[in-house]
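**Q** Pulled the feature table from Swiss-Prot, pasting it below:
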- 4-57: domain 'ClpX-type ZB' (DOMAIN)
- Cys16, Cys19, Cys38, Cys41: Zn(2+) binding site (BINDING)
- Pro121, Thr122, Gly123, Ser124, Gly125, Lys126, Thr127, Leu128: ATP binding site (BINDING)
Amino acid sequence: MGEDKGNGDGGKLLYCSFCGKSQHEVRKLIAGPSVYVCDECVELCNDIIREEIKEISPKQDQDKLPTPHELRAHLDDYVIGQDKAKKVLAVAVYNHYKRLRNASPKDGVELGKSNILLIGPTGSGKTLLAETLARVLDVPFTMADATTLTEAGYVGEDVENIIQKLLQKCDYDVEKAQRGIVYIDEIDKISRKSDNPSITRDVSGEGVQQALLKLIEGTIAAVPPQGGRKHPQQEFLQVDTSKILFVCGGAFAGLEKVIEQRAHVGTGIGFGAQVKGEADKKTISDTLLEVEPEDLVKFGLIPEFIGRLPVLATLSELDDEALIQILSEPKNAITKQFAALFEMENVELEFRDDALKAIALKAQTRKTGARGLRSIVEGILLDIMYDLPSTDDVAKVVIDESVVKGESSPILIYANNEAQTATAE
């Protein structure tokens with residue numbers, strides 16, 4: 001039975017049996033057989049239990065490693081297409097975490113790291129694949145941009161800052177960080193500027209590749225605690241990067257030409273040459289599927305760096321159909337996100353099929369892939385999202401092809417079933 005503050009037990013002042021506060025100092029006293037507990041102590045007990053559950057749950061999760069089939073199924077929920085890349089990633093990630101579970105090698109056989117290199121055009125889903133895997137496995141995830149990295153001692157971001165970012169994501173818990181995933185984007189931008197090693201120092205190209213070598217392969221990185229600056233008297237956090245999965249991604253623009261040059265060597269010229277017609281020409285995506293390590297060396301990555309990324313997955317360019325699917329099918333599809341926003345205003349949002357096709361066509365024209373879809377939808381809905389909170393009785397907003405093309409405003413359907421075209425201010 002709960003005792004409200006101010007209600008005495010026969011005029012007697014009551015106190016919490018745990019913290020000793022009187023009924024006048026708390027909002028609620030709950031009575032038991034000859035004991036009382038206040039609302040503050042109940043809340044404190046709840047917090048303690050919640051913290052203990054959080055500490056136990058990661059250990060329980062570790063016992064259950066999703067199979068490659070399960071990982072692939074999770075990726076299918078969020079990422080459209082890229083079937084071959086999903087399969088490659090699912091197997092590589094499964095093997096990596098299996099290696100961590102069985103740290104003591106049998107018969108002296110040490111398992112190597114399965115770091116991954118993703119090659120694919122902008123907006124094809126490289127980052128999303130890595131991010132989704134980290135979310136499924138409930139491990140810390142961080143992203144780094146290779147273009148901002150420089151060798152230690154030069155102006156720019158030190159490669160060890162990547163590990164610091166990962167630690168920040170898990171409140172500087174080293175054990176958690178060592179099970180994390182790091183995605184390094186724009187890795188193609190740190191390619192060597194020419195095939196021949198230069199006399200001058202290439203601090204943002206080959207120099208960064210050299211600096212990343214040890215980090216990706218596995219080393220003990222010394223990171224200052226809580227993001228402080230390094231100084232000699234400081235105690236560092238020691239992070240073993242051999243347990244961290246590194247995924248590197250890049251568009252590698254022009255790599256298809258390198259592959260074609262290799263493939264066409266020895267085809268001959270003159271009367272004996274084999275003439276290729278239009279039907280024999282391959283798309284860039286098809287050509288990239290034939291990539292070999294030697295092509296990446298020719299492109300500008302050093303052999304040692306390529307050797308640290310043994311798993312190679314190629315992503316294809318997204319066509320109109322794939323972009324339409326991305327707009328509406330995944331669990332967190334863009335149209336579903338905006339529909340949820342409109343639902344908060346008690347308004348239904350509908351995208352007609354012709355609108356989805358027009359949005360996909362716009363993204364293809366901009367050559368931004370899936371990455372550009374959100375900004376297009378934001379632009380289409382800007383005026384209506386501005387006006388809607390101040391407009392009464394709107395039950396539904398309909399977006400069709402003409403709205404996407406800017407030829408008309410969204411159709412508003414009011415609660416009394418009247419349809420009206422919105423007028424943009």
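Including glycine, each Cβ sits where the backbone N, Cα and C put it.
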**Q** Calculate the per-residue pLDDT averaged over the domain 'ClpX-type ZB' (4-57) and state the result as an integer.
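**A** Mean pLDDT for the domain 'ClpX-type ZB' (4-57): 81.
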**Q** For Cys16 (Zn(2+) binding site), which DSSP three-state class applies?
**A** coil
**Q** Which of the binding-site residues Cys16, Cys19, Cys38, Cys41 has its Cα closest in space to the Cα of Ser124 (ATP binding site)?
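**A** In terms of Cα distance, Ser124 (ATP binding site) lies closest to Cys41.
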**Q** For Zn(2+), what surrounds Cys16, Cys19, Cys38, Cys41 with a Cβ no more than 8 Å from their Cβ centroid?
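**A** Near the Zn(2+) site, the remaining chain residues are Ser17, Phe18, Gly20, Lys21, Val26, Leu29, Tyr36, Val37, Asp39, Glu40, Val42.
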**Q** Beyond Pro121, Thr122, Gly123, Ser124, Gly125, Lys126, Thr127, Leu128, what residues of that chain have CB atoms within 8 A of the centre of the ATP site's CB atoms?
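**A** What remains near the Cβ centre is Gly120, Gly249, Leu315, Gly369, Ala370, Arg371.
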**Q** Please state whether DSSP places Thr122 (ATP binding site) in a helix, a strand or coil.
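**A** Coil, per DSSP.
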**Q** Could you tell me the C-alpha distance between Gly125 (ATP binding site) and Cys41 (Zn(2+) binding site) in angstrom, no decimals?
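**A** Spelling it out, the Cα of Gly125 (ATP binding site) and the Cα of Cys41 (Zn(2+) binding site) are 48 Å apart.
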**Q** Return only the integer: C-alpha distance in Å from Pro121 (ATP binding site) to Cys38 (Zn(2+) binding site).
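**A** Here the two Cα atoms are 60 Å apart.
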**Q** Could you measure between Cys16 (Zn(2+) binding site) and Thr127 (ATP binding site) for me? Cα positions, answer in whole angstrom.
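**A** Rounded to a whole number, the Cα-Cα distance is 53 Å.
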**Q** Radius 10 Å, atoms counted are CB only; among the binding-site residues Pro121, Gly123, Gly125, which position scores highest?
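**A** Per the Cβ count, the most surrounded site is Gly125.
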**Q** Run through the Cβ atoms and count how many others sit within 10 Å of the one on Thr122 (ATP binding site).
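**A** A 10 Å sphere around the Cβ of Thr122 (ATP binding site) contains 15 other Cβ atoms.
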**Q** With every protein chain in view, what's the tally of Cβ atoms within 10 Å of the Cβ of Lys126 (ATP binding site), excluding that atom itself?
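**A** If we count other Cβ atoms within 10 Å of Lys126 (ATP binding site), we arrive at 25.
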**Q** List the Cα distance (Å, whole number) between Thr122 (ATP binding site) and Cys41 (Zn(2+) binding site).
**A** 53
**Q** For the binding-site residues Ser124, Thr127, which one has its C-beta crowded by the most other C-beta atoms within 10 angstroms?
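**A** When each Cβ's neighbours within 10 Å are tallied, Ser124 leads.
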**Q** Roughly how many angstrom lie between the C-alpha atoms of Leu128 (ATP binding site) and Cys41 (Zn(2+) binding site)?
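**A** So the Cα of Cys41 (Zn(2+) binding site) lies 43 Å away from that of Leu128 (ATP binding site).
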